[in-house]
Structure formats: C-alpha cells, structure tokens
Amino acid sequence: MSSGNGLGPHVRDNSDGTICVEYEPKKEGRHEVLMSYDGSGVDGSPFSCVVDKIDNSFITAFGTGLVGGLSGDNVSFTVVAKQGTAKDIDVKIDGPAKVDPQRKDNPDGSANFSYMPMTPGAYNINIKYHGKPIKGSPFISKVSGEGRKRSTLSVGNSAEYSLKIIEPDIVDLVGTLQTPGGQIEPIILKKMENGELGVAYFTPRQKGEYVVCVLRNEKNINNSPFRVKVGDKEIGHAAGVVVKGAVTEATANKSNEVIIDTSNGGYGGLSVAIEGPHRSDAEVYKIEDRLYTIHYSPHEPGIYILNIRFADEDVPGSPFLVNVGGNPSGRVRETVTKEVEQAQAVGAGTPSEFVLQIPGTNPFDMEASITNPDGVSELCDVIDQEDFHYLIKMTPKTNGLHIVSIKHKGMHISGSPFQYSVGQLSHGGPHKVQVGGPGLEKGEVGINNVFNIYTREAGAGILAVGLEGPSKAAIQLESRPNGFVGALHKVTKPGIYGVHIKYNDVHIPGSPFMVNIAPDSGVARQISIHALKDKGLMIDKPVTFSVAFNGAQGHLHATVRTPSGSHLDCLVQEMDTGVYAVRFIPKENGVHYVDVKLNDAHIPDSPIPIMVGSTASDPAMVTASGDGLEHGKCGGKNKFVVRTAGAGSGLLAVYIDGPSKSALSCKELDEGYEFSYTPFCPGNYLITIKYGNIPIAGSPYQAAVTGVGRKPSPVVEQSSMAVETVEKKAGAGNRARKLQGDASKVIAKGPGLKKAFTNRVQTLTVDIKDAGNAVLFVGMISPSGFPEAELAIKKVSQTSYTVNYKVQDVGEHILHIKWGDDEIPGSPFILST
C-alpha cells in the first residue's frame, strides 16, 4: 500500500474454481496486490488498484481495463463504493474512437464496467463519485493491436435534384444556390442518367424556396434562375431511412447484403463505412430510385462496425456492431520497412544519374528526356546494364522543377513522367511518392516481380512495403542513387495480392494495389503476337492483330483498358489451328493497354501499350500551376491552371478527394484550361491531374483548405471533371521572361501631347531612363473607334524614343502609352482636333 506497511489480505476459497481476496484499505493512494501460486507469480501480478476517500467513504477502482488491452477485445474494470451507492458512480471514456461502456451495478456498492475499443491508442477513463473525480482519474488505458481497416462508400445519387432541362456541355457551367435565409452557396452540377441537368448533393437544411442560378460566362442560361420549393418531406432526415439485412451477423469472404431505403428520408448524401480488424470489399448498387443495396465481404472473421449515415446523421441503429463469422481467408501479410534519408540536393550543371529496373523492355527502344522549367527538353543517356537495369545520366542546366520522361517504344513506362528538383528540394509528404513497374500490374509465382519506388520529392521518411495474399511473400528493397528504391516480391501461390505501400505510416495514393499473381505461366510463354501496329491508329478504325499458340493449349482472353479507365472485351476469333485474330475498335485518343491472357496468365509483353491518335498527346508536356494546388478557402473559388499547349489533344481529367465534395468548373484559356473548385469544409484535399489516363509530373497535389464550413464527411468524397482537350500551340505564355518595369518613372513630353492637327505629323518623346525593363506599348484610337492609320516609334538614344503620328478625322483622339502592363503618368491622353 501507499505507506509501505503491508496489509494482510484474507484469501477465501469459493469452492467453484475461484478464490476471493479481501482486504480493507486504511489509507488513500495506489495499492498493489502481489499474488503467487505454488511459488511463481500469477499472470498479471502485481495487480494495481487505486483507493480514494470522497465524502468520508472509501472508493476503489481496479482492473486491467484501467491499464490497457487489445483492440477488438472486451476489457473490464470494477469500481467499488459504499454499499448501495453504485448509482453515484459516473464513468466516461474518451479516446481515438467512440466507445460505449457497458455497466452492471451491484447491491454491495460495486459496479462492473466493460468496453470494447476498436482502434489502438490511449483512452482516458474518467471516474467520478458524487460528481467528484476520484484519485488517479482520468486513468490512461493504452490499447494496442492492429489499426482498424476501414472501407468506405459514398452514394451521391441519393441527393440529386433534376432541373428538368437538357444541357449538352456542362464543363463551363457554374451554379449557385440561394437558401430561404438569403445565403448564397456554390453547388455541384451534374448530367443525370436521363441527360437532364441536375444539382448533385442537394441537401436542404431548412424549409422554403431555394433559388438555383446556372451561369455560363457569368450570364444565366435559358430558364435560369430555377425555383425549388422545399417542405418537410424534402429536408434530409436520417430518422426516415430504413435499413435491413446483415447488420448484426455476417460471414467472412462471402457477399453480405444490406438494403437501405432512403425514400422517406428527403434529400441527403448517403455514406457507408465498415471498420474492422481487416479490410472489406464493398460495392453499392441502385435497385430503384432512392433504394440501394450494399454488398460487403470482410476478409476475416471478427467484430466489425458498420456506420450508415444519411444527411450527415447516423441512421436509426447506426453504428451497427456486426459479428462476422465464417472461416479465415488464410491470407498472409508480410511487410518490409526501410528508412529513407533526404535525397541529396543537386545543383544546376551537376551531372546526375539514377538506376531503374524495367523488365520486359528492349534496350534499343528505351529513351529518356529531361524538360527544364522553361519547357526546353533534351535527351538523357540511357546505358543498358544487366537484368533489365538502366542507368540514366543527365546534366540539368538550370535550377527548378524538371520533368523526367522515360519511354519504351515512344510510350511512357509505368510511373513516368515524374518531377526532379534541381536546387532546393520541395517539402514533400507521402502523396509525393511515385511508383511504377510491371510488379504492380501483374505477377507470376516463383519469380521476382519488380517495381520502382521514387521517394526523392517526398523527403525523409520510413517506407513500408507489405504484401497480403494467399502465401507469404519474400520482399526485397534495394537502395539506388537520387531517391529511387527498387522493390522485388516473390510468392509461392497464385491469387489476388494486395501490395500496401506506406510512407511515414500513411498509404501513398493508389495503395493498396491489387495484383493478380498468375500460376507459373508455363505454356503462355510459347504464345507470340504478330502484325500488331502500336502507333498511328485512329478512333473508330478497327485494331487487329494475330496470336499464334505455337503448340500451347488453353483458353485465350483479351481485354483493353482505355485512357478514360474503362475496360472493353476484345473479339477473339480462331482463324486457323492455333492461330487467333484479336480485334477491337478504339473510341478515344490516348494510350490503350491490351491484356492478352492464356488461362489467366499474361502472355509475353502483355499488357501491350498502343497509341491511338496523335503521338504528340504527351502528359510530360502538361504542367499545372496556381495557388489552388497548395491552399484554398472554404466556400470560395480556388483556381489553378493546367497548361496543355504543345501536348497534343487528349482526355484531361481532374479528381479532387477530400472531406467534402467540391464544386468544379473549367474555363478555356489560350495556353490550356483554368479550373476552379469550391470545397465545402476545411481539411486536406488531394488534387490528381491525369492526361490520357497518365498522371502528369507532380500529381497529386495536396491543398490545405482553411475557413469555416460544413461538418467533414466521415468518408473521402471525390469530385471529378474530364475535358476532351483541343490541340493548343505553344506560345511563350507563362514561360516568357518576367520583366520588372516601373511605369510611373516613364516621362512623355512634346507638342504631340497637347493637340492634334488633321493631316499634319505630330511628335512626342518618351524617356524610360529610370523605369527598368519592360515592353513599350503605344497605340492611338480615332473618334470612329479604329486604331490610327499612321503611328511610328523610333529609338533615338539608349533610353529615349520618338513617337510620330498623323490623324485624319476631326474629333477626340485617345493616345495610350504603356510600360509593361501599366499606363504611364497622364496616359491615356485625350487630343482634340
């Protein structure tokens, strides 16, 4: 006990396999009970217990639940007070996840508490007696174990409102909503399934008339503004949602069905999250309007939590505690970690090199180039080394963000293009880790499947690569210079494996990658492809090639992945014994990947990249800039520009993931496209920009959004917009040298500034001595509104120019003189004749 004098406890046998230990504390403080059986300590000994004195009666708290436990297990503790006063004991638990303690009050004054923490971390257990905290409260209970795996779904069409008009192009439309209270909010517009224009995520919070304005180029479109009347039935309320199905019991590795009926819930967004000791595969299907079915399949048995929310509130009964039975999947997890140091900064003019392993390539078809911040590209040296390793050498001439492209047969390899900082390195973070290689797309048992990890732009950190699947994986990570890490994985059983890549304990974008590991491809290696044209193909023109079995036996299957991300089946037709023709018709420009498999095993060179349309549609030539890529304001327009000049034409797609949906709109510029997004709540938003389904260098970007907004969604919400770009010619645009001139220092004088005379040459001088560097613009408008016919500028000394003009019309002439973008003092000058 606290004073050091032992108390002789009384041990009583209950004759039922349990014993009772009794002692009466005489002082407050922490007591320890040492217990041994046959001379050896009992598991858990010494047992700790805290004794406090409140209102002249002792109160005691003890039990393992006050110290710690395992996530997903029930942990318990007991609080003992004066007989008959258990109701005066109050317990609250705060921690990384919500827990509801179960309590049982006993007549002897004790109360038994149990709780099930689902997430590891520190939980604060606050115990009060007669409203006063007892000594030691809050107790910190450290819960260990695996973090909860979370699978989420967001169902957008549960909150759509049709405006009942057809609008073919919605890319440049902007919408606002005025609430009955007079507040104006941005809205997300979408094309409904029937082709009508609608409001996505319409969640009215109050009754009355809402006014929806839809603008194109800041002007209302036909029929805008639209008026929407909202009554009690339309306001989103979770209480009206009915849930049936597998919400208490479920089976692992089987599809469990939950039916959600939102027809009496008004307008609101529906979100579903499944948390548990393992991941769950989850899909949503729309049965009919406002009636949905969710299919979820947990990978392993255990206790899972099913959260169903509608209009930002839990539906009745949510969160549901689901007891998942069934057999374990037998999936095995293996993880390897590596400490990655900050990459060394490389200065301009310093030779740089890095090594990449790219299996299945031909050294004669490899090329690499580096593009500097001004858009000037030059080729790098590619040196072939053993086992498909390539040494790439380059010497950047300037500081700044460069773009490195590595191509095989003229097409970017997986993971290319990527950024390469010369000079100061960027701040980085897990979202700046890039990966690529065949080992993330396909694999085979018994051989090393290879991919490359690029961490240079992510800064220092701990890299973890894990594989989860039917067999234990052997994983190797090899360090390479300048921020590259090589990864190899080898497994012994075929099946679907999850490749988990984390940086500083955060999943990188796209992780986990699901990879189909085929059995030993064996006979698939014998198959060869003939007469395949992989460039110069056109939309709506069939692509045909032949496949020779060369004695192999089995079922041939071919699919094509399009630049927009969809999958098409190819037509496979037998032409002769062991010779098949494969045919498909491309519908979009960009790189298509053709998967050709025999008995589910890829044949050599599959997936095969083929280019449809212009080979100039190059994601390495696309750059993005603007404040909106780094930070933004809640409820306001945040802008960034994607420059596509010189990159050909292709599908430009922007995805924004974050704690809320974002209203996205796009405006065409001479050099590319300006995107504006309006997020509805603060937090970090990930902006992914893809061109022809390939992320541009530097994507994804992370923007920190601040300000006051709605409550964040419990699931990650995605907003997206795709634009079929038109080819834009590269002017100097953003790459023109920035000149710093001061127009206020320019002096203009001479008789030509006082008055104009018809058909007589007038002269004035412009002195730019102290005005820095800029472009001198001189222009004159006649009374009819057209530029004057005769106006000339001549340099007379290093810093002065003469301007001569002759006017023909009678009236007011306006003379503009600008230095850079600004008018000089006195300009525009009004000259009358």
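Cβ coordinates are placed from backbone N, Cα and C, and glycine is handled just like the others.
TrEMBL: automatically predicted annotations, no manual curation.
Taken from TrEMBL as is:
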- 1-51: repeat 'Filamin' (REPEAT)
- 51-143: repeat 'Filamin' (REPEAT)
- 142-230: repeat 'Filamin' (REPEAT)
- 233-324: repeat 'Filamin' (REPEAT)
- 340-422: repeat 'Filamin' (REPEAT)
- 425-517: repeat 'Filamin' (REPEAT)
- 519-612: repeat 'Filamin' (REPEAT)
- 614-705: repeat 'Filamin' (REPEAT)
- 738-833: repeat 'Filamin' (REPEAT)
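In this model, the repeat 'Filamin' (1-51) carries an average pLDDT of 71.
Of the ranges 51-143, 233-324, 614-705, 738-833, the one with the most Cβ pairs under 8 Å to the repeat 'Filamin' (340-422) is 614-705.
Taking DSSP states H, G and I as helix and E and B as strand, the repeat 'Filamin' (142-230) has 4 helix, 51 strand, 34 coil. Under DSSP, the residues of the repeat 'Filamin' (614-705) split into helix, strand and coil as follows: 6 helix, 51 strand, 35 coil.
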